[in-house]
């Protein structure tokens, strides 16, 4: 369609415009779209484009468009996708104590310990959090169902002293970070705030996540730098355009600031939406720039194919397992998109409210930063960014989950995170392990339902389908309860 014809349609429909994300097929298509020789076209486009995005080979814009114009533009050979500027959410899983509260507080936090040196550059953190102890051993940790605190102070976290992520910048794309917390030891860098709330964390999710990446007590990488990329507000959500702007910032900061300072780059994405080609392609564009991206699989007990950015190519996608019973968490997404599972049930980390309390949360949002911390360690050891996913899988502990529990999770990898420390597992006297009813666990995993809010529910009528989602099935939109088999029918 000629630009002049599209321009007429634009003018007719201005009063009915709303904001859309537009992805172009390639950089050349973007250039042709924005620099057409027709003066009226260029002037109109310049006025309507709110933001331009350039992330690797990804090119996109946000534009105020009417629905009629969307139908016109989608026929353009230059345009790949058009979607409303939908909402992104911080992934949260089941709360620990109730279905109403996402947070459990622990007022007995302690931030003083001394690492103990062992042989061959191996250091251990005594009285370590359970999630850290689990990733530095191959076999199950003891757990007493009748006395959950019985083994609380028994565990050590082993790691290599010289490789703690000290030459790595970890970008935390989330709700912000409580940067003044002493656990971060002045290693937080204010990157960008896209929420207009200002830097800092008014939600808690981002601080908890950052603590699992690199805090002194709860972090896998004890000396990594943490870059605050605030794309989600105090309610834990934000626009997809914020996520795109955050990705663009990460690429620019990594290439122009981090690398000239000798720093390597890894990004943590403990957030997500329903499957979106625009988000996936933007993340893939950022990965082209040599940045490691680690993403949460999601908490809907579905194939992670249906979540973004979990389904993006070359992202390290993380599922959650329960390290109390060494079984995939009932809420965790699964499937061939998942690279690795990490502890994600009742995970303790920092609070955004004060220095003394900690938070206990569950979800793939908690599993993901633990993997991000290990990725930072591997980058410190000289592993190339494009090899990090392969190295994490190579080091993993395999065949931990009972095969019966994977029966309804086809092509799901049976491997959990291991940090690669070269030592034998600690023995424990008077060990107690839960006696598991595998049939009951398998049944619960199969039948567990999660409430899924699709990102387009505010923009689309029930049962409609958004143009550009060529691989998606038509679903009733809004708040719906979905089982794995509902999706498998359409695969």
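Cβ coordinates are placed from backbone N, Cα and C, and glycine is handled just like the others.
The signal peptide feature in Swiss-Prot is assigned to 1-17.
For 38 (among others), the entry in Swiss-Prot reads N-linked glycosylation site.
Taken from Swiss-Prot, the feature N-linked glycosylation site applies to 64 (among others), supported by sequence analysis. Counted within 10 Å of its Cβ, the other Cβ atoms near residue 64 (N-linked glycosylation site) come to 17, all protein chains included.
Marked as N-linked glycosylation site by Swiss-Prot on the basis of sequence analysis: 106 (among others).
The N-linked glycosylation site annotation in Swiss-Prot covers 121 (among others). Mapped onto three states, the DSSP output places residue 121 (N-linked glycosylation site) in coil.
For the domain 'Peptidase S8' (142-442), the mean pLDDT of the prediction comes to 94. Sequence annotations record features per position, and here Swiss-Prot assigns domain 'Peptidase S8' to 142-442 based on sequence analysis.
Swiss-Prot lists 174 (among others) with the feature active site, charge relay system. Annotation note: residue 174 (active site, charge relay system) sits in a strand segment as assigned by DSSP. Applying an 8 A CB threshold to same-chain residues 6+ apart, the list for residue 174 (active site, charge relay system) reads 90, 205, 206, 209, 210, 229, 230, 231, 232, 268, 270, 271.
Under the DSSP three-state reduction, residue 205 (active site, charge relay system) is assigned to helix. Residue 205 (active site, charge relay system) counts 28 other C-beta atoms within 10 Å of its own C-beta, drawing on all protein chains shown. Annotation source Swiss-Prot lists active site, charge relay system at 205 (among others), citing sequence analysis.
Feature annotation from Swiss-Prot assigns N-linked glycosylation site to 268 (among others); the stated evidence is sequence analysis. Neighbour density for residue 268 (N-linked glycosylation site): within 10 A of its CB lie 34 other CB atoms from the protein chains shown. In the three-state DSSP scheme, residue 268 (N-linked glycosylation site) is classed as strand.
Residues or ranges marked as N-linked glycosylation site in Swiss-Prot: 356 (among others). If you draw a 10 Å sphere around the CB of residue 356 (N-linked glycosylation site), it holds 13 other CB atoms from the protein chains shown. Residue 356 (N-linked glycosylation site) falls within neither a helix nor a strand when secondary structure is assigned with DSSP, and so counts as coil.
DSSP classifies residue 365 (active site, charge relay system) as helix under the three-state reduction. Residues or ranges marked as active site, charge relay system in Swiss-Prot (evidence: sequence analysis): 365 (among others).
Taken from Swiss-Prot, the feature N-linked glycosylation site applies to 449 (among others), supported by sequence analysis.
Counting neighbouring Cβ atoms within 10 Å of each of the recorded positions (121, 365), the lowest count belongs to 121. If you measure from the Cα atom of residue 121 (N-linked glycosylation site) to that of residue 365 (active site, charge relay system), you get 31 Å. Rounded to the nearest whole angstrom, the C-alpha distance between residue 356 (N-linked glycosylation site) and residue 64 (N-linked glycosylation site) is 46. Taking CA atoms as the reference points, residue 64 (N-linked glycosylation site) and residue 365 (active site, charge relay system) are 32 Å apart. In the three-state DSSP classification, residue 64 (N-linked glycosylation site) falls within a strand.
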